[in-house]
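*Asks:* The structure follows.
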Amino acid sequence: MNALLTNPFKERLRKGEVQIGLWLSSTTSYMAEIAATSGYDWLLIDGEHAPNTIQDLYHQLQAVAPYASQPVIRPVEGSKSLIKQVLDIGAQTLLIPMVDTADQARQVASATRYPPYGERGVGASVARAARWGRIENYMAQVNDSLCLLVQVESKTALDNLDEILDVEGIDGVFIGPADLSASLGYPDNAGHPEVQRIIETSIRRIRAAGKAAGFLAVAPDMAQQCLAWGANFVAVGVDTMLYSDALDQRLAMFKSGKNGPRIKGSY
């Protein structure tokens with residue numbers, strides 16, 4: 001029988017190790033595999049803002065499977081039915097967006113666990129996650145390999161952060177800088193001093209609660225700052241942004257009047 005896969009990403013978070021990631025928004029398995037050969041610790045495959053279908057996510061999971069980079073799937077929302085599908089195609093680590101309350105966090109955690117610990121629907125014999133029924137006792141042991149991360153990205157979520165951190169089954173909390181800054185009254189300005197202060201205090205609160213703290217920083221200096229504050233899973237770029245910047249930079253070498261890449265401070 002096939003052995004249940006371990007989750008190196010979750011194990012490293014448990015140990016407090018720093019993991020550097022990359023955001024994948026290009027929606028193709030080809031680009032995902034290129035990224036997986038680069039050496040990033042983790043790759044966020046985005047189903048919220050990138051136009052990924054379940055089948056697209058499935059193909060990208062297949063593409064990165066032979067490599068050391070660990071995939072994290074972000075579905076468009078945290079419904080029980082969508083979480084079930086994403087887990088069944090083999091995702092072991094989920095990042096659920098827009099979690100504002102402890103009750104939402106509990107519902108999401110329940111959706112990732114089989115009964116009696118949760119409400120995940122049973123279908124292991126037709127699921128890639130269970131190797132189509134070939135992993136012995138899959139349902140009994142799968143919880144240990146699942147990693148659940150939730151996004152805190154609104155003023156409401158910040159007000160409820162301590163309660164969210166207390167929810168059993170939540171392994172880490174990710175600060176969403178773009179939506180958070182907009183919610184705080186500073187749209188498209190995650191670098192505002194007040195937003196920066198709140199990001200710092202939030203990261204420190206998350207780590208003090210014994211949870212992993214995550215962030216996406218497309219500016220290298222911001223990534224370094226978040227690491228200094230204690231964030232231990234940080235994405236340092238977005239594939240589509242890096243690609244467009246490289247295209248602009250190359251064209252500017254050969255066409256007069258063309259500007260190089262615009263420096264972007266946020267996602």
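The backbone N, Cα and C atoms fix where each Cβ goes, and this holds for glycine too.
The structure displayed is predicted, hence computed values, not measured ones.
This is the feature table in Swiss-Prot:
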ACT_SITE  His49  active site, proton acceptor
SITE      Arg74  site 'Transition state stabilizer'
SITE      Asp88  site 'Increases basicity of active site His'
BINDING   Gln151, Ala178, Asp179  substrate binding site
BINDING   Glu153, Asp179  Mg(2+) binding site
*Asks:* Determine, to the nearest whole angstrom, how far the Cα atom of Gln151 (substrate binding site) is from the Cα atom of Asp88 (site 'Increases basicity of active site His').
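*Replies:* Here the two Cα atoms are 22 Å apart.
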*Asks:* What are the sequence-distant neighbours of Arg74 (site 'Transition state stabilizer'), meaning same chain, six or more residues apart, C-beta distance under 8 angstroms?
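*Replies:* Spatial neighbours, sequence-distant, of Arg74 (site 'Transition state stabilizer'): Leu44, Ile45, Asp46, Gly47, Glu48, Leu94, Leu95, Ile96, Pro97.
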*Asks:* How many Å separate the Cα atoms of Ala178 (substrate binding site) and His49 (active site, proton acceptor)?
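*Replies:* Ala178 (substrate binding site) and His49 (active site, proton acceptor) have their Cα atoms 12 Å apart.
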*Asks:* Around Glu153 (Mg(2+) binding site), how many other C-beta atoms are within 10 angstroms of its C-beta?
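*Replies:* Other Cβ atoms found within 10 Å: 22.
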*Asks:* Suppose we draw a 10 Å sphere around the Cβ of Ala178 (substrate binding site). How many other Cβ atoms does it contain, all chains included?
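*Replies:* Looking across every protein chain shown, the total is 16.
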*Asks:* Pull out the recorded positions from the set His49, Asp88, Asp179 whose C-alpha sits within 10 Å of the C-alpha of Glu153 (Mg(2+) binding site).
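*Replies:* Asp179, listed in sequence order.
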*Asks:* Can you tell me the three-state DSSP label for Gln151 (substrate binding site)?
*Replies:* strand
